[in-house]
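Colleague: The following feature annotations were taken from TrEMBL:
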{"type": "SIGNAL", "residues": "1-18", "note": "signal peptide"}
{"type": "TRANSMEM", "residues": "42-64", "note": "transmembrane segment"}
{"type": "TRANSMEM", "residues": "76-96", "note": "transmembrane segment"}
{"type": "TRANSMEM", "residues": "128-149", "note": "transmembrane segment"}
{"type": "TRANSMEM", "residues": "170-189", "note": "transmembrane segment"}
{"type": "TRANSMEM", "residues": "201-220", "note": "transmembrane segment"}
{"type": "TRANSMEM", "residues": "285-306", "note": "transmembrane segment"}
{"type": "TRANSMEM", "residues": "318-338", "note": "transmembrane segment"}
{"type": "TRANSMEM", "residues": "344-369", "note": "transmembrane segment"}
{"type": "TRANSMEM", "residues": "390-406", "note": "transmembrane segment"}
{"type": "TRANSMEM", "residues": "412-429", "note": "transmembrane segment"}
Amino acid sequence: MELFFFVVFGALGAVVAALELSKNSKDRINTSSAFNSFKNNYLLVYSLMMAGDWLQGPYVYYLYSTYGFGKGEIGQLFIAGFGSSMLFGTIVGSLADKQGRRRACVTYCITYILSCITKHSPEYRVLMVGRVLGGIATSLLFSAFESWLVAEHNKRGFEQQWLSLTFSKAIFLGNGLVAILSGLFGNLLVDSLSLGPVAPFDAAACFLAIGMAVILSSWTENFGDASDNKDLLTQFRGAAVAIASDEKIALLGAIQSLFEGSMYTFVFLWTPALSPNDEEIPHGFIFATFMLASMLGSSLASRLMARSSPRVESYMQIVFVISSVSLLLPIVTNFLVAPSKVKGGGISFAGCLQLLGFCTFEACVGIFWPSIMKMRSQYIPEEARSTIMNFFRIPLNIFVCIVLYNVDAFPITVMFGMCSIFLFVASILQRRLMAISDKPKIENWSAMKERDAEAEPLNE
């Protein structure tokens with residue numbers, strides 16, 4: 001069965017190469033040299049930031065286990081990270097709108113570097129502090145950089161359609177190529193050079209430091225709503241009003257939480273799904289295969305977004321349905337293929353079928369990221385972009401914490417079935433978003449601010 005992994009990886013690589021090389025004028029967007037320079041600078045920074053993140057991922061659990069911690073204690077550390085992202089990360093991320101997005105991006109680098117440093121200590125409390133810092137950094141990674149990009153893109157007067165090009169390239173590189181190279185580099189450090197499981201975290205800190213230097217030397221500051229009397233509570237209230245008053249924003253938040261919640265659950269479940277009887281599977285190679293599938297998805301997304309038709313709101317309905325069906329495979333194979341009782345050995349026939357389904361899901365993930373970024377750039381008001389984006393992550397982090405806490409309480413088929421249902425619901429909500437996408441906003445941000453200001457004396 002080892003040949004199967006190489007065949008899947010080779011086939012995906014050939015398809016990605018063919019898609020990229022076969023792009024014609026309809027699949028490309030004509031841009032200016034000034035935009036290309038701006039885009040390449042952002043892609044460099046984003047790739048360095050993602051390298052700092054991807055280098056850590058495969059070795060977090062392994063590092064904790066080498067320090068002698070059990071599954072329960074490691075689970076608590078992971079929950080602390082997601083809980084921190086939900087609580088502290090939301091506050092810190094929202095400050096980006098008022099204190100500056102560039103400053104928030106630098107804060108991400110510093111916070112994550114400090115988190116990497118804590119990995120040198122085997123003390124549980126120190127590692128817990130590191131997880132809290134990592135949770136805060138994660139919130140900034142998925143809000144501050146995108147907020148800075150959108151604001152700076154608009155401030156420089158570039159065409160709105162060009163944003164989709166930056167989004168798709170960022171996912172193609174940052175969530176695809178960089179992820180694969182990071183996995184290989186981490187493997188080189190830990191296995192080939194025998195530098196130990198903490199080495200990838202040191203390498204991550206170096207990449208983050210380089211990225212921070214590029215930000216400090218080449219990025220300008222931009223803000224959301226920088227009014228002097230805007231405290232954090234008022235900012236939260238304004239973001240909540242924006243979500244409640246515009247159905248499109250509320251739908252977008254629900255769709256994002258449903259999809260990302262299913263995606264993070266998949267991250268925890270794919271290993272036991274492919275090796276239920278402790279089959280020997282090449283985890284690193286499978287991870288690289290998933291990232292290649294994600295690159296395939298982002299390549300498809302760049303083609304779709306380069307054209308006026310179909311619209312993002314339209315084709316994402318199909319993407320959510322396909323992703324829902326792909327995560328049903330573990331349930332289907334459980335009924336149709338007799339499970340093996342033999343411990344160890346290579347991957348089973350059912351595992352091969354599931355791997356193909358999981359690659360399909362990862363391709364949908366590759367389409368999802370640039371597409372959701374484009375929809376966020378269209379529907380979320382600039383003044384509270386980081387705040388609202390971090391609001392979206394609150395239900396996501398709650399969901400992931402619940403899944404982590406109960407990961408052993410339910411059969412794996414039940415967990416995949418739940419994810420499949422969530423993705424199908426996302427497709428229904430996406431259909432509703434498509435139906436109202438051309439509907440004007442109920443009220444603009446300025447009007448909501450004025451209404452809040454008028455109501456303020458009543459609250460005193």
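We count from 1, first residue shown onward.
Using the three backbone atoms N, Cα and C, a Cβ is placed for every residue, glycine included.
Give me the structural setting of these features: burial, nearby parts and distances.
Modeller: Sequence-distant contacts of the signal peptide (1-18), counting only residues of its own chain at least 6 positions beyond either end whose CB sits under 8 Å from a CB of the stretch, comprise 282, 285-286, 288-289, 292-293, 295-296, 299, 346-347, 352, 355-356, 359.
Residues 42, 45-46, 49, 53, 77-78, 80-86, 88-90, 92-93, 96-97, 101-102, 104-105, 107-108, 111-112, 114-119, 163, 166, 219, 222, 224, 373, 376, 385-386, 389-390, 393 of the same chain lie 6+ residues outside the transmembrane segment (128-149) yet bring a C-beta within less than 8 angstroms of a C-beta in it.
Through the fold, the transmembrane segment (170-189) approaches residues 42-43, 46-47, 49-51, 54-55, 58-59, 195, 199-200, 203, 284, 287-288, 291-292, 294-295, 298-299, 301-302, 365-366, 369-370 of its own chain, all at least 6 residues removed from its boundaries and within a Cβ separation under 8 Å.
Nonlocal intrachain contacts for the transmembrane segment (201-220), taken as residues 6+ away from its ends with a CB within less than 8 angstroms of a stretch CB, comprise 41, 44-45, 48-49, 51-53, 55-56, 59, 63, 102, 105-106, 109-110, 112-113, 116-117, 119, 148, 152, 185-186, 189.
Sequence-distant contacts of the transmembrane segment (285-306) (same chain, at least 6 residues past either end, Cβ-Cβ under 8 Å): 5, 8-9, 12-13, 15-16, 19-20, 23, 26-29, 58, 164-165, 167-169, 171-172, 175-177, 179-180, 183-184, 270, 274, 312, 315, 355, 358-360, 362-371, 374.
Sequence-distant contacts of the transmembrane segment (318-338), counting only residues of its own chain at least 6 positions beyond either end whose CB sits under 8 Å from a CB of the stretch, comprise 255, 259, 262, 266, 273, 348-350, 353-354, 356-358, 360-361, 364-365, 367-368, 371, 412-413, 416-417, 419-421, 423-424, 426-427, 430.
Listed by sequence, the residues of this chain that lie at least six past the ends of the transmembrane segment (344-369) yet keep a Cβ under 8 A from its Cβ atoms are 1-2, 4, 8, 12, 167, 171-172, 175-176, 259, 263, 266, 270, 273-275, 277-281, 286, 289-291, 293-301, 304, 316, 319-320, 322-323, 326-330, 333-334, 337.
For the transmembrane segment (390-406), the residues of the chain that approach it from at least six positions outside its boundaries are 75, 78-79, 82-83, 85-86, 89-90, 93-94, 139, 142-143, 239-240, 243, 252-253, 256-257, 260-261, 264-265, 268, 415, judged by C-beta separation under 8 angstroms.
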Colleague: List, by number or range, the same-chain residues at least 6 past the transmembrane segment (76-96) whose CB is under 8 A from its CB atoms?
Modeller: 60, 64, 69, 103-104, 107, 127-128, 131-140, 143-144, 147, 224, 232, 235-236, 239, 386-387, 389-391, 393-394, 397-398, 400-401, 404-405
